[in-house]
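One structure is given below, encoded as structure tokens.
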Amino acid sequence: MDDNNGTDGSHDDGVHGDGGHDEDGNDNGGECRETRSRRRTRCGKAGSGMAVQEARGGMGAAHEGGCTCGDCPHGARAGHRRAVAEFLLKREEFASGQGLPAAVAHSVSASRQWVSDELTQSAALVAERGRVEGEAWLGRLWLRTAVVVWAAVVTLLLIQSLTAIGAGWTVARTAGLLAALLMGAALTGAGYLHRARGGALAPVIGEDNRLSTSRAIAAAWVLFVVFAILVLVGRLAAASDHRERDALIAGLDLTRGAGIVTVLAVVCGIAVLVRRVVGLRILSQRLQKVRAHRPRAADLLTDDSGRGSFTDIQYVIICTVALTFAAVRLARRPDQLPDLPWGLALLVLVSAATYVAGKYAEGGRPVVLSVVRAREAGDLDAPIRNGDDIEIRGAGFVPPGAQSADHLSRMVVRIGAVHVHVPLVPVAGGFSNPTDAVLTAPVPADVEPGKVDVQVVTAAGVETNRYTIEVSAD
């Protein structure tokens, strides 16, 4: 997605599984093999059900997910999965009314607060494990990006070899292969230097830890244009006749490459503009963004909540088609910059304008529309008093991508001068409170009777408008 675009994991101070020994020096090789076997047999099961079963089974008490080695079954990923399993088990138990201590079971408000606190602590552990797992995943990603880069180089070599059958090997093919080797080496070196941030993908990962659509598109066009220029440089270096050299230099003339230069300028400008627009809208509290645990390929086509985004999808598709056309033109005419037709260039410009318009239109500030006294079945109608629950109705209380428990637990209601953390109310499969449009919070005894302002602070730190209610002294 863009400096816009939805969310996971990690480990604690366990031991590294490579050596097969625990902290006391005992051999854990059999335990590691058994754990790997158990993980393989669980692969086909449903996610949450599997996690609950893992938590009940108490997998691997000797390890707590302390290492970040991707091959170790007790590494960051396993630590995060175990934390998620324990959280899901706890949530389902509380949702069914189990696990409450006798000291709070007699009071609805006390039991609700105790359950919320327990879930908040468990969710914080899940978030911490998710953060560390995400960092470990990024640390491993640079090697994968390097493999993808060199796989692309090998693919180009195979295509060059197959198309050379019958036509013969040409200087242009050699220049293209050398250009690919140079770019592959450069990307691999840059990826190694930024290996802690995702390798070669580091420049296209936004501040919200999601893949940025605008940066990815701009990077693709930049890499293609650089490759085309390197091909021309290779041919120019191999040319022996001055007329051939003049023809190659003329291939860089603006009259031939005006279309692709225009597209390159626009997509690079869009990448800079979108970052500025998103940043300003966040500072002005007109856009809510929360950080993702790690980037995903789907970010390029979805919004922060993981739903498909029309503006992102059309931008990626049209730019991909234009890039494919330009690549074919370069293969047919390697003696000049690809002459992108103005019709296709204009199509890319329209797509880019639609994408930017979508960035201006998305999001919005959360708003409180009304506040009423929450009434249970059989309760009498009455004014709002200290100790009552109030139901706040509005829109935008849960930012996109903030549906996880650790984000929901950060929501706060400001009632006068008192800050009230919104309690988490578990139900089977999720939470009934808070939601994006309605949330319930108690009125503490510290709130002074009279007129007070109610304001919601979301997980993204954005404040809603103030809504005035009257707390009765009776």
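Each residue's number is its place along the chain shown, starting with 1.
Note that Cβ sites are derived from N, Cα and C of the backbone, with glycine treated the same way.
What TrEMBL lists as compositional bias 'Basic and acidic residues' is 9-23. Residues annotated as region 'Disordered' in TrEMBL: 1-48. Annotated transmembrane segment per TrEMBL: 147-169, 175-195, 216-238, 258-278, 310-328, 340-358, in sequence order.
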Checklist entry - Hey, which of 147-169, 175-195, 216-238, 310-328, 340-358 has the most Cβ-Cβ pairs under 8 Å against the transmembrane segment (258-278)? => result 340-358
Checklist entry - Most CB pairs under 8 Å with the transmembrane segment (175-195): which of 216-238, 310-328, 340-358? => result 216-238
Next on the checklist: With Cβ-Cβ distances below 8 Å as the criterion, list the same-chain residues six or more beyond the ends of the transmembrane segment (310-328) that contact it, or say none.
Outcome noted: 1-2, 5, 213-214, 217, 220-221, 224, 260, 263, 267, 300-303, 338, 340, 344-345, 347-348, 351-352, 354-355, 357-359
Checklist entry - By a Cβ-Cβ criterion of under 8 Å, what residues six or more beyond either terminus of the transmembrane segment (340-358) are in contact with it? => result 213-214, 257-260, 262-263, 266-267, 270, 273-274, 277, 309-312, 314-315, 318-319, 322, 325-326, 329
Next on the checklist: If we skip the immediate neighbours and take only residues 6+ beyond the ends of the transmembrane segment (216-238), which ones have a Cβ under 8 Å from one of its Cβ atoms?
Outcome noted: 171-172, 174-176, 178-180, 182-183, 203-204, 245, 248-249, 251-252, 260, 263-264, 267-268, 270-271, 300, 315-316, 319, 323, 326-327, 330, 334-338
